[in-house]
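Feature list (source: TrEMBL):
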DOMAIN    8-223  domain 'Radical SAM core'
BINDING   R17, R67, T98, K159, R262, L263, R264  GTP binding site
BINDING   C24, C28, C31  [4Fe-4S] cluster 1 binding site
BINDING   Y30, G71, S122, M193  S-adenosyl-L-methionine binding site
BINDING   C257, C260, C274  [4Fe-4S] cluster 2 binding site
Amino acid sequence: MESKLMDPFGRVHDYLRISVTDRCNLRCVYCMPEEGMQFEPTERILSYEEITSIVKALAPLGIRKLRLTGGEPLVRKGLDQLIAMLSAIPGIEDIALTTNGIYLAAYADRLKSAGLTRVNISLDSLKPERFARITRGGKVDRVLEGIKASQRAGFQPIKLNVVLMKGVNDDEVEDFLRMTLEAPIDIRFIEYMPIGDSGGNWKSSYLPLEHVLKTCGDKWNYESCGDVYGNGPADSYRIAGAAGTFGLIHPVSSHFCGSCNRLRLTADGNIKPCLYWSDEYNVRPLVGDDKAVQDLFYKALGSKPETHDMVKALKGQQIDGTPTLRHMSQIGG
Ligand code: SAM
Ligand code: SF4
């Protein structure tokens, strides 16, 4: 079915990213401050029934793909129940999860049985000490166990999200690329984005992703491999003979706003038409009235900006508009 969710720029939306919590068991340096986070009280967070009701209202309009994110979605109890509820909605074809992987070893099988179709795991370093520094305390072994458990559970391919940071993990590109040689793993290198106050040191750590192609080309032959299903805005490549692929997601240096097909729902029930800007529409009071929910989504779409201004932020240029004050963990990435 053709989506009815079209914005003023002709972009058709079939994808909803749902944040199920603003809480997290890690404190990644680019996402959350070390201290002082104010979390939403539980009663302000959408219940699973409310999330399901919103998706039921949107499926007839053409939403087909969902992604559960957070905060860390697996810190919320019973996520498999939500997945089962969502996968039973007619029209929903694909339910993906973005997770830091810390709890994945314990839940991968259950999530798969409940109807989860795909999993993205965030992993910015393979070095235990460095991983602990970036995540402020995480144990990389747990993530690696989570990756193995996901493979055993039958998720394929597994996607790994790597936020590339100058002077922090840019010397590990080769190690990550090497992971694609034997296993059907897709590594997605992501540019560091200036969301919320995601670090006063954003500009000094920001690194354009040409670095990845240069590192790869120095070592291997590789070729562009077109559209890998579910890769969204990533340009995808494969090292000659490799089982997996790698992709570059460069929202800052080369934005992909022209093909944006996504809407976001925060854990506290706000529709965000764009990751970058502050505009939000609180849908929670309308839940249960499908027509009103649909109308608010149409209104949010009607105000969706043509593009974000991250590149202006990078160049220190004047920005016309108000960037969001939320941290990435309060939006879901
Ligand atoms: N906790 C889960 C995780 O880490 O995968 C899901 C939520 S996290 C906010 C979603 C994604 O956003 C992760 O892949 C994370 O690396 C990415 N992210 C967070 N802050 C970012 C930033 N400032 N720039 C680029 N990516 C960021
Ligand atoms: Fe938590 Fe994910 Fe943000 Fe890291 S990136 S602090 S794991 S929400």
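Glycine too: its Cβ is placed from the backbone N, Cα and C atoms.
TrEMBL entries are annotated by machine, without manual review.
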Are there binding-site residues among C28, S122, C260 that sit within 10 Å of K159 (GTP binding site), Cα to Cα? If so, list them; otherwise say none.
S122
What's the CA to CA span in angstrom from C24 ([4Fe-4S] cluster 1 binding site) over to S122 (S-adenosyl-L-methionine binding site)?
13
Extra residues within 8 Å (Cβ to Cβ centroid of C257, C260, C274), [4Fe-4S] cluster 2:
R11, H255, F256, R262, P273, L275, Y276, K304, P305, E306, T307, H308
With H, G and I counted as helix, E and B as strand and the rest as coil, say where DSSP puts C274 ([4Fe-4S] cluster 2 binding site).
coil
Candidates near ligand 1 among the binding-site residues T98, S122, M193, C274, judged by a Cβ under 6 angstroms
T98, S122, M193
Given a separation of at least six residues and a C-beta threshold under 8 Å, show me what packs close to L263 (GTP binding site) in the same chain.
L5, H13, Y15, L16, R17, I63, I271, K272, P273, F297, A300, L301
Cα within 10 Å of C274 ([4Fe-4S] cluster 2 binding site) is the criterion; apply it to the binding-site residues Y30, R262, R264 and give the hits in sequence order.
R262, R264
Same-chain residues at least 6 apart in sequence with Cβ under 8 Å of the Cβ of C260 ([4Fe-4S] cluster 2 binding site), in sequence order, are R11, C274, K304
Quick check: in three-state DSSP terms, what is C257 ([4Fe-4S] cluster 2 binding site)?
helix
